[in-house]
Each structure stands twice: as C-alpha cells, then as structure tokens.
C-alpha cells in the first residue's frame with residue numbers, strides 16, 4: 001500500500017524524488033532474503049554462504065523496448081527478468097534487484113507505477129525483492145537493474161567449464177522472443193503467446209540452481225541467441241560445440257508464425273535472443289535434469305556448428321538489428 | 001592492459017558492445033574480495049558474514065554533472081564515490097561496484113576511458129573492484145552504479161537507532177562541494193581544492209566501519225546537506241537533533257571563498273550536499289572515534305535545530321538548485 005502518494009499524481013516531476021523512490025520500492029512485502037529493505041542508505045540482503053552473485057543490465061527506451069509495443073508492466077517485467085536470468089545462469093538463486101531509473105520529468109506517475117508493478121511481479125515470481133532504487137531526471141528513459149543472487153553453498157557455474165564429451169542442454173523457450181519481434185515488426189499484435197514472449201520473457205530461474213546441483217560444467221543465459229551464447233561457452237571453455245537440429249524442438253506456434261511471415265522458424269530457435277532460456281553443459285546424458293532438453297554435444301576443437309557444419313542463415317534472411 | 005582495443009578507437013558505436021564492456025571492466029587488478037570478475041553472466045563477490053550491503057545511484061549528464069565543469073575522470077570518480085559512501089554509511093566495508101553506462105553512440109572512446117579510469121581510481125582507493133558492467137546506447141549519458149559492501153560481522157548502522165542523550169559527530173568535509181559549485185556557477189575555476197571537492201568528493205570510507213565498531217547508534221552519508229540528512233536520522237529514529245555552531249569547523253578556505261563571493265560559508269557547511277561526509281550518533285563523547293568531530297546532541301522530540309532554533313538561511317540567500 002502506497003498511501004502517502006495520491007492516486008492521480010500526474011508527472012514524476014510533480015511527485016518529487018522521495019515520493020518516487022517510495023513508490024518504486026516502498027510498502028511491498030519483501031521475501032525472507034531481504035534483511036533490510038528500502039529506505040536507508042543501502043539495503044542488506046542474504047548471501048548465505050559468504051558470496052554474492054551480482055549482475056547489471058541497462059535497458060533504454062527505443063533501443064531495448066518500445067512503449068508502443070509493450071505496456072509499462074511488460075517493460076518492468078523484462079528489465080528484471082533479463083537481470084535475474086544472469087544470476088540464475090551462475091547457478092545462483094535470485095535474492096534481490098536494485099533499480100536505477102532515469103526518466104523525463106514529464107513521465108507520468110501512471111507509467112512509473114506500471115513499470116514498478118511489472119518489476120515486482122517478476123521479482124516475486126523469482127522470490128526476489130526490489131530492495132533499492134534511485135529515480136532521477138533524464139531526457140531518455142533508462143532502466144538499470146542490478147540483480148543479486150545466493151549460491152547457497154553450490155559451486156558457481158561459469159562459462160568456462162565445458163569439457164569434450166559433455167552434452168549440451170537447454171531449459172526454457174528458444175526463438176519465441178524473436179518470433180514475437182518479427183510479428184510486431186510486421187505490424188501485427190498476435191499470436192499473443194509469441195508476442196508476450198518478446199514483451200515479457202519468463203526465464204526458468206530455478207533451473208539454474210537445478211543445473212548446478214546436477215553437475216553442470218558450464219552455463220549461460222540465452223540473451224544473444226543460442227548459437228551466439230553457446231559460442232561464448234565455446235570460447236571460454238576452449239571447446240567445440242555441435243547442435244543437432246533433430247534434437248531441437250520447434251514449437252508448432254513458431255512454425256505457424258514462420259509460415260505466416262514467410263520466415264524459417266528454426267532460424268529463430270538457433271539465433272533468436274532475449275528468451276533468456278538457460279543453456280548448459282553436463283558430463284553426460286544421465287546428468288541432464290528433468291525439464292532440460294539435450295540438444296548437442298561438446299567436442300575438442302573450437303567454434304559452434306549445427307549438424308557438424310557452420311551455420312548459415314536462410315537465403316534472403318533479413319537481420320532485424 | 002586493454003591490448004585488444006586500439007588506442008585511437010573513435011566513438012563507442014565504432015568500438016561495439018563487447019569491446020566497450022571489456023574496456024570498462026577488463027584487464028584490471030581485482031581486490032581479494034572479487035571471487036569472479038567481469039566476463040561471465042555475473043560476478044561473484046565476498047559477503048563474508050552471509051549478508052551483502054547494496055545501494056544504487058544514478059547520475060545523469062546535465063543534471064548531476066557537467067562535462068564542461070568536470071573531466072571524465074572526475075565524473076567516473078564521483079559516480080563511484082557517491083555509491084560507495086552509501087555502503088560505508090551502513091558500517092560496511094566497500095567490496096565492489098557494478099556499472100550501467102548508457103551513452104550516445106557518438107560518445108568518444110576517450111571519454112569512456114576517462115570515466116572508467118576515474119571509476120577504477122576511486123574504487124581502488126576504497127579497496128573495491130569494478131566487477132561488472134553494461135554499456136548501451138542512449139541519447140543521454142546516464143551512469144548507474146551499484147555498490148556492494150561487506151559488514152564483516154559488524155552490526156549494520158541504520159538511520160533509526162539514535163537515542164536521546166547521544167552525541168552527533170561527523171567525519172569528512174562539509175560545505176566544500178557546495179562552495180565549489182558556487183565558484184563554478186560564477187564562472188571561476190579556483191581555488192582548486194574547493195572546486196575539486198565538488199567535482200570529485202572523497203568520502204571517508206573506512207570511517208563507516210570505524211563508527212560501527214565504536215558503537216554508532218545511527219549513521220548516514222551527507223549527500224543532501226548536513227541538516228537535511230540529520231533530518232533523515234531524526235525522522236527514522238524519532239528524536240530531535242541540535243547542531244551547535246560553536247563546534248562546527250568552517251575551514252579558512254571556505255571563509256575565503258565566502259568572502260570573495262559574498263556568501264555565508266557556514267550556510268554551505270550546514271546545508272551543502274555532495275561531500276559525502278559521514279554523520280553518526282554515538283552513545284556519548286567517549287565513544288566518538290578518532291577523526292570524527294562532535295557537532296551536536298540528540299534529544300527527545302523531533303526536528304533538527306541549530307543552536308536550539310530552527311535554521312534559517314542567510315537573508316538574500318539564493319538556492320543553487
């Protein structure tokens with residue numbers, strides 16, 4: 001309950017800094033990992049095994065999101081999701097986010113409330129708190145989120161531990177956000193599930209800790225695209241990775257959208273980013289946990305291949321950025 | 001050493017995201033508190049007693065700094081200092097900062113390098129590492145910094161613990177930044193020490209842990225001005241605070257600047273923010289640690305007074321913001 005601020009508060013300039021921060025962070029139920037919530041010089045968050053996992057990502061209006069394509073709630077959701085996914089990809093359990101929000105003075109409080117609501121909803125889904133924030137004036141709307149996580153005694157899973165002989169597996173959606181972006185780019189608003197996947201990705205946060213406990217040797221969140229992000233593991237680990245398309249599920253919805261738009265849905269699955277699935281390597285098939293899908297293998301060498309060959313985009317493919 | 005990027009790299013758009021992040025965070029010596037530095041999905045930082053202290057502040061060009069008044073190094077320095085001061089004000093020892101940098105594509109790499117150098121220099125002075133970062137495109141230059149700190153088993157010192165009978169003490173400069181801003185506002189560039197205090201404040205980071213160990217009951221960093229920030233302690237603790245001007249040192253340099261500009265230097269000391277001194281309350285005079293100066297007392301009641309009376313700005317005083 002934010003009873004100290006009026007419901008029809010107009011613009012952020014009228015509301016003032018203290019009320020804005022209160023609006024962003026105040027009066028919400030914090031999870032048990034929040035030892036001291038917003039309102040002091042700094043927050044205090046559980047880091048139970050003496051280590052904290054931390055990552056920062058910045059989203060800019062017009063670059064990372066469009067307010068004519070996404071609701072404020074979806075923007076807030078996405079800003080939190082992309083950051084918490086990074087924490088999960090280390091094998092950590094999300095605990096908290098801190099939000100730096102720069103926005104034009106004429107920004108409506110309604111917009112800020114929407115962003116805030118989306119942040120809280122997704123943070124709550126991850127069992128994390130919004131523990132701190134700063135709201136300042138800027139010509140451009142910029143949302144900077146720092147996510148914190150707790151390894152709870154688990155070994156962190158970096159990008160550097162993959163070994164020849166490992167298998168590659170993923171948990172979460174691939175290609176959905178890219179398909180949704182393609183739909184939006186053509187001026188359509190449906191199918192809703194695909195468009196929503198772009199606007200408000202739902203990373204499988206718990207799969208990060210699950211993979212760590214199962215013995216994952218390397219892990220990454222798929223933000224740039226499956227092949228690009230497996231490329232990061234390949235480089236960091238000094239291994240080659242081969243993805244097998246016969247193991248890659250292409251959901252019927254993506255097939256339908258691809259047909260409608262004249263695009264190859266498999267390309268979305270292989271190269272589309274922003275779904276924030278988790279991709280990881282495991283010592284063998286028996287270590288791949290439930291909910292994960294094996295999609296390839298790790299070999300000696302370097303680079304990422306698809307069915308043993310370098311991947312080439314479909315003829316006539318237009319990169320969207 | 002950042003040997004993978006050319007020295008004359010032009011603009012950030014030409015350099016590209018991966019090289020920019022590498023430039024911001026890569027190849028520097030990390031302190032022992034950095035368990036995993038930049039380059040993976042997230043960093044891992046020591047939080048030795050199972051708790052992490054975290055705070056985020058955002059600085060915007062034209063609002064919080066001006067690149068015609070400050071060098072890029074000073075801007076980076078300030079962005080880190082204001083955040084680490086928040087961590088110190090909880091009684092924590094700074095461990096790390098994460099940086100979200102949004103800047104126009106035409107920003108020069110030289111400017112980014114300057115900001116980065118200033119960040120690293122001040123972080124190193126605080127014995128903290130720059131452990132993560134994100135660099136994105138934006139029409140406005142926005143710097144979001146999240147600072148982390150380690151309580152090392154100490155009790156956190158919030159704003160809420162001051163008790164009637166406590167004494168109030170400060171460590172660090174007061175009024176210097178305001179005097180520097182007044183000098184710059186009149187078009188002058190000297191005295192250098194005063195102007196530098198505005199451009200690149202040097203908070204007394206170690207005094208935070210020192211105060212906690214000495215039994216401080218409440219603490220805050222002076223970012224809004226001494227009276228305003230003591231007001232935050234007053235409200236959070238439910239006490240009255242009286243500042244005694246006969247105990248307040250007004251440095252001769254501030255007296256000289258005040259004389260030159262026709263301003264009251266004591267007003268800068270009482271109300272000038274951005275020096276990021278620490279203000280704390282202690283159970284009695286014998287608990288005030290070395291390097292701290294006692295400036296007042298805590299009483300039953302509410303509000304902040306100066307020599308027993310509500311503070312009034314000198315006649316004709318022009319607020320600078």
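Heads up, the Cβ atoms here are built off N, Cα and C, so glycines get one too.
TrEMBL lists B:39-149 with the feature domain 'PurM-like N-terminal'.
Sequence-distant neighbours of residue B:41 (Mg(2+) 4 binding site): no residue of the same chain at least 6 apart has a C-beta under 8 Å from its C-beta. Taken from TrEMBL, the feature Mg(2+) 4 binding site applies to B:41, B:55, B:86.
The feature Mg(2+) 3 binding site is assigned by TrEMBL to B:41, B:86, B:221.
Secondary structure at residue B:57 (Mg(2+) 1 binding site), taken from DSSP and collapsed to helix, strand or coil, is strand. Feature annotation from TrEMBL assigns Mg(2+) 1 binding site to B:56, B:57, B:134.
In sequence order, B:79, B:82, B:83, B:86, B:144, B:145 are the residues near residue B:57 (Mg(2+) 1 binding site), counting only same-chain partners six or more apart with C-beta under 8 A. The Mg(2+) 2 binding site annotation in TrEMBL covers B:57, B:86.
Sequence-distant contacts (6 or more apart, same chain, Cβ under 8 Å) of residue B:274 (substrate binding site) comprise B:82, B:177, B:178, B:181, B:198, B:201, B:223. The feature substrate binding site is assigned by TrEMBL to B:64, B:274, B:317.
Under the heading ATP binding site, TrEMBL lists B:133, B:134, B:159, B:223.
In this structure, residue B:224 (Mg(2+) 5 binding site) belongs to neither helix nor strand by DSSP; it is coil. The Mg(2+) 5 binding site feature in TrEMBL is assigned to B:224.
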Query = Which of the three DSSP-derived classes (helix, strand, coil) applies to residue B:134 (Mg(2+) 1 binding site)?
reply = strand
Task = Tell me, if you would, which residue among B:55, B:56, B:223 (binding-site residues) has the fewest other CB atoms within 10 Å in the structure shown?
result = B:223
Request  = Count, for each of the binding-site residues B:86, B:134, B:221, B:224, the other C-beta atoms lying within 10 angstroms of its own C-beta, and report the residue with the smallest count.
outcome  = B:224
Key: Around the Cβ of residue B:159 (ATP binding site), the count of other Cβ atoms that are within 10 Å   = 23
Ask   = Is any of the binding-site residues B:41, B:64, B:133, B:223, B:224, B:274 near chain A, in the sense of a CB under 8 A from one of its CBs, and if so which?
value = B:41, B:64, B:133
Query = Which of the three DSSP-derived classes (helix, strand, coil) applies to residue B:274 (substrate binding site)?
reply = coil
Task = For residue B:159 (ATP binding site), identify the closest of the binding-site residues B:55, B:56, B:134, judging by Cα separation.
result = B:55
Task = Quick one: of the binding-site residues B:64, B:134, B:221, B:224, which has its CA closest to the CA of residue B:55 (Mg(2+) 4 binding site)?
result = B:221
